[in-house]
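Q: Pasting in a structure now, in structure tokens, and then I'll have a few things to ask.
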Amino acid sequence: MPGRKVRMSSCSSLFIIGTSLTNPTSKTMKVSGTTGTKRHHHHHHHHSAKANKTAAAVAAAMANNESKNLSPVFSSKSRSNNSNDNGGLSASASAHAAIERDVTTLSNMNNLPAPTALEALQTSNDRLRTIIAALHCNILIRKLDLVRNLEYIANVLEAVQQDETRKKQRHSPKVPVRRRLMEEDDGVLSEIEPDTVPNEVRDWLTMTFTRSMSTLKRRPSDKPKFRSVAQAIRAGIMVDRIFRQNTSILSNILQQTINEWTFDVFSVNEFTNGQSLRYVGFELMQRYNLPNKLHISMTALQSFLEQMENGYSKYKNPYHNLIHAADVLQTTYQIVYNSGLMVENWLTDHDLFAMFIAAIVHDFEHTGTSNNFHIQSRSDVALIYNDRAVLENHHVSAAFRLMRMEEYNIVSEFTSEEYKNFRHLVIEMVLATDMSCHFTQLKTMKSLLSLPENVEKAKALALILHCADISHPGKPWDIHHTWTQSLMEEFFKQGEKEKDLGLPCSPLCDRENTLIAESQIGFIQYIVEPSFVVMGDMLDKVLKSLVVSDSELLSPSIPSRSLVSSPVPSGESSAESNAHPEEQNGHEKKLPLSMTTPISRPTTVRRPWADYLKSNRDRWVKEAEEERRRKELKVIEEEP
């Protein structure tokens, strides 16, 4: 978000990503006479030794990567898990840690040698090898750091080429510059196959590096660029490959961490340059192969997700933005996945797609103000929807209006019945996020749980989305606290708008008098915790009903429900897809494939949010005591 200070959590060093094996703040070497030669000799040996050490570290880390998966990078618990290793770090893990530790210096571009300085060559070499080492070890590099370092390296290469060109011109025959340069380009370009150069790279190089007439007629004082366009193409290909490898690494990390309750969406958004919603959305759609199964145009899906991000960014909200949408999407999925219902044939492919879309659109074009604000200010959207679920109606209506346009039509291949069911489920889920319906929704679900009949799927999914929408108090503290700060800032901005309009200031919207800690204690105790208790009980009932159905179906000729067609992540085997979430980490045995042997499966849902709700509430209690103290001191200071 513009202006938001990115949260640096315990795993922040992992999403800054990349290692530098040199110290860029080392003193610049002055080259003059014999003294300069001697110091350069010492400097060279220092870096050579360091390079050998780096090579050994990289080799060890690469060997380690071959034998086991990396720890989840975007998980808030990644570092804490690593601290429990018995007997200390292994050699390979230590090498990987060394690369991770040194990589942060890639972000430090201060005090680097000037591109024309002799030591700049060694610095460039070290930094380029750092990038390569990080990529080999699946350590991500932040795009900004990568671009700045490659630009620096390119400047150094240009300075070297300038010096080499001047030397050649002094000793070469007087061949016209234009003819000589064109001959060089033609000779080297003939060695490169056009198919090896991506179109976007070729276009960029054509505009930037090709020798046009204006370039050939440059003044003698102008700085020459690369020796030939072919060399520029090679450099472009290298940059393109690095970015492609980073994208591949991101995809691998999402695959490893997207199932986790501690998924850190802020880190994902940082690395994807503010495009976390489309990345998480694509990952989940592709994970279950929904575009192929439901004949969804990939172009339309991409355009739709881009428009979703644009809509979420329309009002530059601190809280209700695309990061929140990505977080709610992943949390909604994680709740269902964690319960084991993804492999119990509870959801069809169309149900799963509707669930994802409902989570994606649930706050589309949110204005950063509440329904009550729209009603009190008599806004256009309040008039359109008659003061009822004003924003929620707009979110879902605007999304479906977007789908009517051919460019964004992700449901063009649905039959009339499929579209009708899809639309009904999305509307039901999004409208249930209206907080004014909170207590009614919980009361209704409690009544349904007391009945012997199964819970209606639409109502179950609606409660899951509602809980995901208010779930951040059940996440690790650093994630929860960041969301709280963003939400309170949005509330305070609404309060300022209300004052400007002469309206009463809404609760929690007064920047000067709101007690943040107290508000969060009440929010957890009276809203979030009861909601998650009811949702957990509901998931237990759904899971038990499916297990009972399985036991009734078991026979030598009829497979159990969990072994028939259901949404299965692409690339997973049937055995893996039927395993309980706890068993997919490789720590427990996979489920047997026998269709005639009863399979013992859990009938209760794990509730990872419970401990976080308690610990976060306890922390807010301490914060509230400090808050009260500060307020009392302020009152004393203001007294005459």
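For all residues, glycine too, the Cβ spot is worked out from N, Cα and C.
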Q: Can you check which of 70-93, 166-189 TrEMBL lists as region 'Disordered'?
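A: From TrEMBL, the annotated region 'Disordered' range turns out to be 70-93.
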Q: Expressed to the nearest Å, what is the distance separating Q520 (AMP binding site) and H320 (active site, proton donor) at their Cα atoms?
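A: That separation, Cα to Cα, works out to 18 Å.
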Q: If you skip the near sequence neighbours and keep only those at least six away, which residues in the chain come within under 8 angstroms of L322 (AMP binding site), Cβ to Cβ?
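A: In sequence order, the residues whose Cβ lies under 8 Å from that of L322 (AMP binding site) (at least 6 apart) are N269, G274, Q275, S276, L277, M308, E309, Y312, S313.
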Q: If you average the pLDDT over the domain 'PDEase' (242-627), what number do you get?
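A: Here the mean pLDDT over the domain 'PDEase' (242-627) amounts to 88.
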Q: Given the binding-site residues N321, I323, D469, which lie close to H362 (Zn(2+) 1 binding site), meaning Cα to Cα within 10 A?
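A: Matched binding-site residues: D469, sequence order.
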